[in-house]
Structure formats: structure tokens, C-alpha cells
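Asks: The active site, for protease 3C activity feature in Swiss-Prot is assigned to His62, Glu93, Cys169. Feature annotation from Swiss-Prot assigns domain 'Peptidase C3' to 23-201. Residues or ranges marked as O-(5'-phospho-RNA)-tyrosine in Swiss-Prot: Tyr3.
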Amino acid sequence: GAYTGMPNKKPKVPTLRQAKVQGPAFEFAVAMMKRNASTVKTEYGEFTMLGIYDRWAVLPRHAKPGPSILMNDQEVGVLDAKELVDKDGINLELTLLKLNRNEKFRDIRGFLAREEVEVNEAVLAINTSKFPNMYIPVGQVTDYGFLNLGGTPTKRMLMYNFPTRAGQCGGVLMSTGKVLGIHVGGNGHHGFSAALLRHYFNEEQ
């Protein structure tokens, strides 16, 4: 990728400075990632994946999962994959996956919002081999709405000030007690997450 020239020093521990900055949001994020996040590889790269409930998880749409994915280095079959669009067929940049595994995810639907949320203090949590166990205070999150994301008109975008880099997609945007969205891109100095809304995971879907 664009950052292959970077040295391969991997900080394994989240820094305490960030913990102090964030307090409860940071603690919530660490607990959420420990229980519900995994590192996933598709043929399009490596991503952070968040498990939502039962055997359903979410990835950025551009991860384009195939019939199977590597989840924490284990091959796992994908039984179903839905690319989300709004009622007008506009891209929402999220793919919901149903995994072929016995273990169920802890149900976190109660932490998802019913509509796009703006907050003053958020944390972006990433866990991949390039960015292991990384928690970044991104401050204020605003409801950006419509964005042309890499040439694709995309809706329900949340924006924050953060110099994003390739390889952080799938990162989980959180505030205290809330899972706000999934990081899907950036323009160098702003990051964008797809709002992760509760009704995407209604049983009837």
C-alpha cells in the first residue's frame, strides 16, 4: 500500500496519555474491542471487523469479502454478505456478513444509535497487524452526510479531524457507551466513518 516505506516498529500497548485524555470513552472502547473486534484479511487487504450479534459482523464495503475470510488468521466461511444502500440505492459503505462459525458474538445492538450521532469526544479503535491495539482520540464527530468517497456517492458519513492513513479501515468509532460508526476513509486530515445504525441489524432484514 501507500505506506509500505514505514518502519515496522509495532507499539503493542495503548498509551496511557490517550487513556487520560479519554477516560470513560477510552475504557469503553478497549472493552468493546476486546470482546467484539477481530482482525480480518480479504483479498483487498486487512481490516478491523466488528461483530454485532449472533454470527453477524460488519466490514467496510470496499473490503469486498469473498466466500471466506481470514479472521484472526483462521479461515471462516461467509454464509451471507449484504452491501448496504439507502432507500434510493445510494452506497452506505458497509457490508454485513453472516459467518459460518459456532461461536456467537456478544450482542452489542443496544450500543448502536437509531440515527447519525454527533459527539464532542470520540475514540477511533483499530486492530490490525499494521496498527495493533490502537486507540486514537479524535475529538469532535460531526454528521457530514453526503460524501463522494473514492468516486462513489456515499451517504450517512460521520467526520472527525484525524490524519488517517491507509490500513485503518474497519476501525470502530466510539464514545462513552456508544458505537457510532465504522471508519471507511479519509482525505489526509479528516477521517470518515459510515454511521452504524441499529435498524441495519433488525432480525427481519
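Cβ atoms are placed via backbone N, Cα and C, with glycine included.
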Asks: Distance check, please: Cα of Glu93 (active site, for protease 3C activity) against Cα of His62 (active site, for protease 3C activity), rounded to an integer number of angstrom.
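Replies: A Cα-Cα distance of 7 Å.
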Asks: Enumerate same-chain residues with a sequence separation of six or more from Cys169 (active site, for protease 3C activity) and a Cβ-Cβ distance below 8 A; give 'none' if the list is empty.
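Replies: The answer is Gly45, Phe47, Thr48, Pro60, His62, Ala63, His183, Val184, Gly185.
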Asks: When DSSP is mapped onto helix/strand/coil, what comes out for Cys169 (active site, for protease 3C activity)?
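Replies: Going by the DSSP assignment, Cys169 (active site, for protease 3C activity) belongs to neither helix nor strand, so it counts as coil.
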